[in-house]
Amino acid sequence: MATNRTFTMLKPDAVEKGHIGAILEKINASGFRIVAMKLTQMTKADAQEFYAIHSERPFFGELVEYMTRGPIVAAILEKDNAVEDFRALIGATNPAEAAEGTIRKLYAASIGENAVHGSDSDENAAIEGAFHFSGREMF
Ligand code: UDP
Ligand code: MG
């Protein structure tokens, strides 16, 4: 059954380029409520654990370097059908294939540096949210 929460990160490239405000504006305008949010930076160990499912992929080393090179904005978002609707809002992993108006089409540079993360299932949304936030940081 679909739940109403998802997890996102505005990745280091989006923060470096000053896109935090524009991306949050789009998230709000699309009907998501912010349940939890912070500026934080992942350690190598954090990124290796967060992306463990990709550990055998050829891009894993680069992904860990990229995701740890500067601060990110981590957030939990609430909306009906949150996981699916947020994946639609961010667009395809590769910005060249992302639909017009999606966050990745607007702000991502490449398949690697693609501006934003969105959970791919309700189960992962819960795991990823709990990775970054304690219950006391969720509202
Ligand atoms: N990634 C990459 N090269 C690829 C595929 C993915 O560098 O060929 C990176 C990219 O930052 C992506 C992340 O690894 O967002 C996780 O990949 P996934 O396939 O889960 O894409 P997503 O769920 O983020 O759309
Ligand atoms: Mg994914």
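For all residues, glycine too, the Cβ spot is worked out from N, Cα and C.
Annotation source TrEMBL lists domain 'Nucleoside diphosphate kinase-like' at 3-137.
According to TrEMBL, the feature ATP binding site maps to Lys11, Phe59, Arg87, Thr93, Arg104, Asn114. In this view, Arg104 (ATP binding site) is surrounded by 24 other Cβ atoms within 10 Å of its Cβ, with every protein chain counted.
Secondary structure at His117 (active site, pros-phosphohistidine intermediate), as computed by DSSP, is strand. Take the CB of His117 (active site, pros-phosphohistidine intermediate) and look out to 10 A: across all protein chains shown you find 21 other CB atoms. TrEMBL lists His117 with the feature active site, pros-phosphohistidine intermediate.
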Check your understanding: Any idea which of the binding-site residues Phe59, Asn114 has the thinnest Cβ neighbourhood at 10 Å?
Key -> Phe59
Check your understanding: Would you say which of the binding-site residues Lys11, Arg87 has the most Cβ atoms within 10 Å of its own Cβ?
Key -> Lys11
Check your understanding: For the binding-site residues Lys11, Arg87, Thr93, Arg104, which residues place their CB under 6 A from an atom of ligand 1?
Key -> Thr93
Check your understanding: So which binding-site residues out of Lys11, Phe59, Arg104 are up against ligand 2, CB under 6 A?
Key -> none
Check your understanding: How many helix, strand and coil residues does the domain 'Nucleoside diphosphate kinase-like' (3-137) contain under DSSP?
Key -> 65 helix, 24 strand, 46 coil
